[in-house]
Amino acid sequence: MSAAGRFAPSPSGDLHLGNLRTALLAWLFARSTGRDFVIRMEDLDRVRPGAAQRQLSDLAAIGLDWSEPVIWQSARREVYRAAVAELTSAGETFECFCTRREIQEAPSAPHAPPGAYPGTCRDLTEPQRAQRRGDRPAAIRLRADTASFTVHDQLHDQLHGDYTGEVDDFVLLRGDGTPAYNLAVVVDDAAAGIDQVVRGEDLLSSAPRQAYLAVRLGYPVPEYAHVPMVLNTDRIRLSKRDGAITLAQLADHGIDSARALTLMAESLGLAAPGESVDVETLLRRFDPARIPREPWLFTPPG
Ligand code: GLU
């Protein structure tokens, strides 16, 4: 299996310029290092009908290409269950019966960071578990043996690229049996030979948990680059409310996909204002060390 990078959208709606810019960066990182590029649809929940196909056609419209087939998480539920079964048979998971409210209201464990799972169900006895099973279906949590983990991130290199973040007994399978995002990402990245994870900065705080889970499952830890977000003029992350931010909406304002690519390239310092570019040109110019570390402030037209 060759080394690969990836873009892993959730098909909950159309991609906006921020998502497309992250995809472009992931493609540039992968291609500039001779890697394959994989698209994975994270369609385990929050799926909007038709969104995945529109996302793929928008990625193609800005010039990206990828290895077929596209990976669909919804087709891989058994693989996630098998990974959890493996951990469970080694005694590395536990059933959790807590509601969100119970977790919020529980006193936190000494030295635990705020919001960390307080450990309520970690040491239940078998009779206690048997009794709780009647209340509600259990979620499955990882029995973590550390409170933090350090990953290396190419774009957060103030401290030699080390980013240390919280690890707690996080959920692997939700009570309704749905694999948790952290589990599916780790299992899928390993299965597809993905050794380079480029994605939005909003996911940096998830990386330590995911890298730690990879280690627990005996998988290699990928290298990371968490890229700056796109913000509106109020410095809030771009969202539907901002209006013209998807390719279809921009087209209504006379900005076609070639022009949208140029705008993204300009924001990355890879094109002069108004210069028309294609992704191959950007690839020749790409230098990860020169990616702006600040968010891109984008004013939607109209
Ligand atoms: N599906 C996630 C999202 O769209 C990204 C997951 C990842 O890149 O690890 O936010």
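Placed from the backbone N, Cα and C atoms, the Cβ positions cover glycine too.
Predicted automatically and left uncurated, TrEMBL annotations should be read as such.
The feature L-glutamate binding site is assigned by TrEMBL to ARG6, PHE7, ALA8, PRO9, SER10, GLU42, TYR181, ARG199. Residues near PHE7 (L-glutamate binding site) in space but far in sequence (CB under 8 A, at least 6 apart, same chain), listed by position: THR22, ALA23, ALA26, TRP27, PHE37, VAL38, ILE39, ARG40, LEU59, LEU64, TRP66, VAL198, ARG199.
Cβ-based neighbour count (10 Å, all protein chains) for TYR117 (Zn(2+) binding site) stands at 21. Taken from TrEMBL, the feature Zn(2+) binding site applies to CYS96, CYS98, TYR117, CYS121.
Taking the Cβ of LYS240 (ATP binding site) as centre and 10 Å as the limit, one finds 11 other Cβ atoms among all the protein chains shown. As annotated by TrEMBL, ATP binding site applies to LYS240.
Taken from TrEMBL, the feature domain 'Glutamyl/glutaminyl-tRNA synthetase class Ib catalytic' applies to 6-260.
Positions annotated as region 'Disordered' by TrEMBL: 107-137. In terms of DSSP secondary structure, the region 'Disordered' (107-137) contains 8 helix, 0 strand, 23 coil.
Sequence-distant contacts of the motif ''HIGH' region' (9-19), counting only residues of its own chain at least 6 positions beyond either end whose CB sits under 8 Å from a CB of the stretch, comprise 39, 41-43, 46-48, 51-52, 54-55, 58-59, 200, 229-230, 237-240, 242, 245-248, 250, 260, 263-264, 296, 298. What TrEMBL records for 9-19 is motif ''HIGH' region'.
With helix defined as DSSP H, G or I and strand as E or B, the motif ''KMSKS' region' (237-241) counts 2 helix, 1 strand, 2 coil. The motif ''KMSKS' region' feature in TrEMBL is assigned to 237-241.
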**OP:** Anything within 10 Å of SER10 (L-glutamate binding site)? Look among the binding-site residues CYS96, CYS98, LYS240, comparing CA atoms, and list what you find.
**Re:** none
**OP:** List the Cα distance (Å, whole number) between ARG6 (L-glutamate binding site) and CYS96 (Zn(2+) binding site).
**Re:** 32
Subject >> binding-site residues compared (ARG6, ARG199) - the one with the fewest other Cβ atoms within 10 Å >> reply: ARG199
Subject >> Most Cβ neighbours inside 10 Å, all chains, among the binding-site residues ALA8, CYS96, CYS98, CYS121 >> reply: CYS96
Subject >> Farthest-apart CA atoms of ARG6, PHE7, ALA8, PRO9, SER10, GLU42, TYR181, ARG199, residues recorded for L-glutamate, distance in Å >> reply: 16
